[in-house]
Amino acid sequence: MANHIVLLSLVALSFCYLAFAFEPSPLQDFCVADPTSSARVNGQACKKPMTVQANDFFFSGLHIAGNTSNPVGSRVTPVNVAQIPGLNTLGISMVRIDYAPWGINPPHTHPRASEILTVVEGSLLVGFVTSNPDNRLITKVLQKGDVFVFPVGLVHFQQNVGYGNAVAIAGLNSQNPGVITIANAVFGSNPAIAGDILAKAFQVDKKIVEHIQSKF
């Protein structure tokens with residue numbers, strides 16, 4: 001029995017070690033990103049602390065509505081390490097999303113972050129799809145003040161289901177969450193994925209694939 005307890009303790013410690021190895025706690029007050037550095041690190045190299053200024057932790061403009069005059073009818077305004085260098089290593093970021101009436105934030109994933117979204121104005125249909133083999137669609141209509149969570153890596157989307165503009169604010173648990181928009185990645189890759197591969201994957205004629213690819 002004692003051996004089992006020791007073994008379970010070692011396993012638990014191993015998992016803790018792996019968790020900390022994947023997302024270590026900061027070892028200093030901050031690590032403001034230095035985009036001019038040629039150092040190759042997982043993330044961005046740090047500025048010298050004495051050169052850091054208040055503006056390294058500052059962003060202005062999230063009150064400004066994004067231009068939704070585009071084919072999908074939405075605009076994402078990111079606030080991540082590219083906009084605020086002081087977010088480097090802190091594991092957080094946020095976005096503002098504007099939606100025209102019936103506009104969508106098309107199906108996409110964040111490979112490095114979960115997302116928590118709240119509706120500021122309007123009504124949104126939101127949803128995500130679970131992984132294979134179930135591919136279960138989980139959806140809900142949100143009203144102003146409602147909050148919804150999208151688990152890390154899962155395909156998710158939002159649609160404005162009102163007749164006026166809608167606005168949402170979302171937080172993500174990475175300073176650089178990344179985004180993969182499914183349609184853009186599949187039909188707009190560079191170089192293009194071969195049409196016969198996509199035709200077989202989607203079970204459609206190759207001409208349909210080529211027509212869709214021409215839009216990206």
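Just so it is clear, glycine is given a Cβ too, placed from its N, Cα and C backbone atoms.
Just so you know, TrEMBL annotations never went through curation; they're auto-generated.
The Cβ of Glu115 (oxalate binding site) has 23 neighbouring Cβ atoms from other residues within 10 Å, across all protein chains displayed. Per TrEMBL, the feature oxalate binding site maps to Asn105, His110, Glu115.
The Mn(2+) binding site annotation in TrEMBL covers His108, His110, Glu115, His156.
The annotation disulfide bond is assigned in TrEMBL to Cys31-Cys46. Sequence-distant neighbours of Cys46 (disulfide bond) (same chain, six or more apart, CB under 8 Å from its CB) are Cys31, Val32, Ala33, Asp34, Asn88, listed in sequence order.
Residues or ranges marked as domain 'Cupin type-1' in TrEMBL: 60-210. Mean model confidence of the domain 'Cupin type-1' (60-210) amounts to 97 (pLDDT, 0 to 100 scale).
As annotated by TrEMBL, signal peptide applies to 1-21.
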Given the binding-site residues His108, His156, and counting only Cβ atoms in the protein chains shown, which has the most within 10 Å of its Cβ?
His156
What is the set of residues, excluding His108, His110, Glu115, His156, whose C-beta falls within 8 angstroms of the centroid of the C-beta atoms at the Mn(2+) site?
Thr109, Ala113, Phe128, Phe150, Leu154, Val155, Pro177, Val179
Could you state the CA-to-CA distance between Asn105 (oxalate binding site) and His156 (Mn(2+) binding site) to the nearest Å?
9
